[in-house]
Amino acid sequence: FDIFVHGLSKGVANGGMAEFQEMMRQQLESSMHTELEKLLDTTTGAEREVSKKDFEGFKNLYHRFLQVKGPSVEWIKIKRPPEDSIQPYDKISARGLPDSMANSLNKLVVVKLNGGLGTSMGCKGPKSLISVRNENTFLDLTVQQIEHLNKTYNTDVPLVLMNSFNTDEDTKKILQKYTHHRVKIHTFNQSRYPRINKESLLPVATNLSMTGQNTEGWYPPGHGDIYASFYNSGLLDQLIAQGKEYIFVSNIDNLGATVDLHILHHLVSQPNGKRCEFIMEVTDKTRADVKGGTLIQYEGKLRLLEIAQVPKAHVDEFKSVSKFKIFNTNNLWISLAAIKRLQEQKAMDMEIIVNSKTLDGGQNVIQLETAVGAAIKSFDNALGINVPRSRFLPVKTTSDLLLVMSNLYSLEAGSLTMSPKREFPTTPHVKLGSSFTKVQEYLTRFESIPDMLELDHLTVSGDVTFGKNVSLKGTVIIIANHGDRIDIPAGSMLENKIVSGNLRILDH
């Protein structure tokens, strides 16, 4: 791989090598096609047909990957987006709502990205099945939100889950429990692409099975795959036939991503010639969000710039809060008709993300991925909306989980809202140490979730447990050194305190 890339870059500088490179490229591509055919020959019937469709998408990505000559953006061409291309949410909500929202809601489909596992939080199975609040999982809360909409406005907003081969089976089992809820649920599967050996640039899998040595041979290719797999599943056409016009897409672990009626109204009330096909919700960057993708103006189009695309020399500039003030929440509103058009014209353009991984056996592989927001430049009249931070409430770690389980938020009809008793709108900064990483372990360390209404900052490190009805205020730092343990007694109130050393409370 390195020799290949090195050869490519030299060839650009040295015309004499161009033919040699083109030959190498064609050879690699031909070998890849042969290997993919061999993989297809290891199965028959429906599985073969599905994999064949998947491989068409993969071949296209691989072809583009071999063509890439250096960074996908030239830093000098990056401009700030024009003023009117990112609208403040207040301006959009100030227009008010019509008497009836039912017509607009009946044009909407809610899509949740449900391909991820809960492994980073120490859980088996789909992440969406982790309990986050009062025994409700991410999926429960999503269903409750949409059911509440459908009942309130007497509408039929369906829920669509984009599963991956990692989550599909477990998710489908769970869906049976929602049969009597007022929300139609559909699923489709993300593609399954072969991981490629970093040295040979060919697949590591030897057949299409997902067992034995081949388990690690496959991956779901990032959420940018939504366009092709949604289209290939037939569900896109089915929803268009039912009169649906827009999808609202978000990560299932973002608890702030609820259907926003003001944004929906803005979308459907545009004049026909200026129909907005794509809205990306962005929000103001804080120090915690320096790695998030940002919107830029590039060659006359709005474009998403991810940290992976930034040349090394400019990474610090990219992370600065002063130059790039906003980041992508991955809450997106997209026209169904536009997705269909772009898929049929093969005009969906997304940068390739090359993700390097090391398998359990030590083998180095690469995964070719794309991001759903990167397609913004392919759509007409795309727009950013700068939304309140409350629309971005992702639960990636148990530190995030502690926030959403606490009295900082109240839960109503599946939606979390910041408690009116909190005097300032920002959420506290919480950092729980490695003893809290796994959900099961985290739960055993809290007899009850502390009162955090007046908390600014919490750091916990080492073997620490919390008794019932603990209250935390201001800045609290609790550090148990190696071999020590700290039990915070029931009913304690810690305000602007550093606790360290050893504190054991034993039952008498």
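Any Cβ shown, glycine's included, is placed from N, Cα and C.
Per TrEMBL, the feature UTP binding site maps to LYS127, GLN190, GLY222, ASP253, LYS396. Neighbour density for ASP253 (UTP binding site): within 10 A of its CB lie 22 other CB atoms from the protein chains shown.
Under the heading substrate binding site, TrEMBL lists HIS223. The Cβ of HIS223 (substrate binding site) lies under 8 Å from the Cβ of LEU113, GLY115, MET162, GLN190, ASN251, ASN330, ALA371, VAL372, each of which sits 6+ residues away along the same chain.
When the binding-site residues LYS127, LYS396 are compared by the number of other C-beta atoms lying within 10 angstroms of their own C-beta, LYS396 comes out lowest. For GLY222 (UTP binding site), the same-chain residues 6+ apart in sequence whose C-beta sits under 8 angstroms from its C-beta are ILE353, ASN355, GLU369, THR370, ALA371, VAL372.
The Cβ neighbour count for GLN190 (UTP binding site), using a 10 Å radius over every protein chain in view, is 27.
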